[in-house]
Amino acid sequence: MSAIMLRSGNVARSTILAGGPLIGGPMTFRSAVSSTRTFSLFTKARIQSDDMKRASLSLQPSVREAEKSQGPVVGSEGRGVEGPHYQDQVSHNVLSDASTTGAWTMFNPIYTEKELNTVQVVGRAPVTFGDKAAHRTVKFLRKCFDLLTGYTPYEVPASVLAQKPIPIAELRSKGKLLSDQKWLFRIILLESIAGVPGMVGGTLRHLRSMRLLKRDGGWIHSLLEEAENERMHLLTFMTIAQPGIFTRALVLAAQGVFYNAFFLTYLISPRIAHRFVGALEEEAVRTYTHCISDMEAGLIPEWKDMPAPAIAIDYWRLPASSSLLDVIRAVRADEATHRFVNHSLANLDQKRDFNPFALSEASPEERGSKWGYTREESAKFALEQQRKLMAASEKSSGLVE
């Protein structure tokens with residue numbers, strides 16, 4: 001490489017470090033020849049070494065070596081570790097379909113019928129003290145929530161279901177069934193709270209990334225996706241519900257208390273916070289499974305053949321003929337995903353590991369039938385997805401035949 005000639009040492013130093021192009025045409029070059037300086041390879045190497053000394057603490061070689069000595073991490077540094085670049089993704093003209101309004105700002109889930117049927121009620125047995133504390137807290141909150149909403153996990157006997165007609169009014173009067181309005185009351189309260197953890201975690205990790213002057217490893221985006229997904233659940237059910245003053249007051253009070261409590265929990269122990277959310281989502285899947293069972297058994301006649309709201313058809317890319325039952329099944333699949341992701345994140349090193357789901361989601365079958373990944377499974381999954389992404393990127397750019 002030919003020597004780089006510039007007007008002054010200061011300009012040369014800043015230009016080399018920035019890696020930017022040389023500015024100026026032939027006239028500028030000729031006028032500078034008599035007063036130029038030539039930098040040898042040794043000088044340029046010294047300039048670059050000086051630059052590392054002035055780097056942020058997290059980028060200095062000694063700090064990076066110390067981090068490596070602590071053991072392996074989930075994920076790795078390098079290209080594509082926090083998700084695909086927009087230029088690496090295959091473009092799709094969603095506006096060609098008149099029934100859609102375009103892509104949503106963040107990831108929005110799309111399921112097949114088979115994938116929706118894979119969702120199961122599963123749970124992770126608590127192991128550590130933190131796990132047990134999170135699990136017991138969720139169980140206590142669940143009991144309080146059931147009492148507030150009048151919910152009873154009652155399974156109607158087959159003999160009662162065989163009656164024509166089914167004594168729905170009698171079952172509701174005995175507190176064994178929820179009416180459509182009580183289901184909406186319960187769901188709206190649940191979803192108004194469920195959108196808090198992702199936003200809290202994303203906010204705190206965003207601030208941590210800026211505070212430490214280092215990248216986050218893909219955690220922020222997944223947590224914000226979770227928060228938006230839960231908010232879309234709330235907006236969907238708001239299209240068929242008209243909350244009164246009492247419901248709005250409860251939402252305001254519950255959200256204010258829960259946000260601050262979860263904020264403090266995440267500051268103290270992100271691991272316990274994610275375990276708490278994983279356990280909370282287990283209960284959400286259980287609740288929606290009960291709701292689906294009641295709808296399929298004809299125990300909520302007000303929702304029979306009710307069409308899916310337009311916002312739900314657009315968000316989940318559902319067929320135009322979809323019903324409210326299809327929407328609730330999609331919501332349950334989302335909750336199973338949050339259960340899977342948060343339990344998996346709780347198993348990671350909260351300060352050093354990369355988010356294994358920054359590159360790609362696990363398969364819907366796994367998300368629906370497993371409580372989550374162990375740390376070893378997360379490391380394997382992250383490596384596999386990074387290799388797939390790199391191979392696809394190289395193939396699309398013509399580097400591989």
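Just so you know, glycine gets a Cβ as well, placed from its N, Cα and C.
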Co-listed Fe cation 2-binding residue [Swiss-Prot; alongside E281, E335, H338] among E230, E377, E384: E230
Same-site Fe cation 1 binder from E191, E296, E376, given that Swiss-Prot records E230, H233, E335: E191
Nonlocal neighbours by CB distance (under 8 Å) for E281 (Fe cation 2 binding site), same chain, sequence gap 6 or more: E335, A336, H338, R339, N342
Reduced DSSP assignment, E335 (Fe cation 1 binding site): helix
Remaining residues near the recorded Fe cation 2 site, that is with C-beta within 8 Å of the centroid of the site residues E230, E281, E335, H338: A194, E226, N229, V277, L280, A284, V285, D334, A336, T337, R339
Other CB atoms within 10 A, centred on E191 (Fe cation 1 binding site): 22
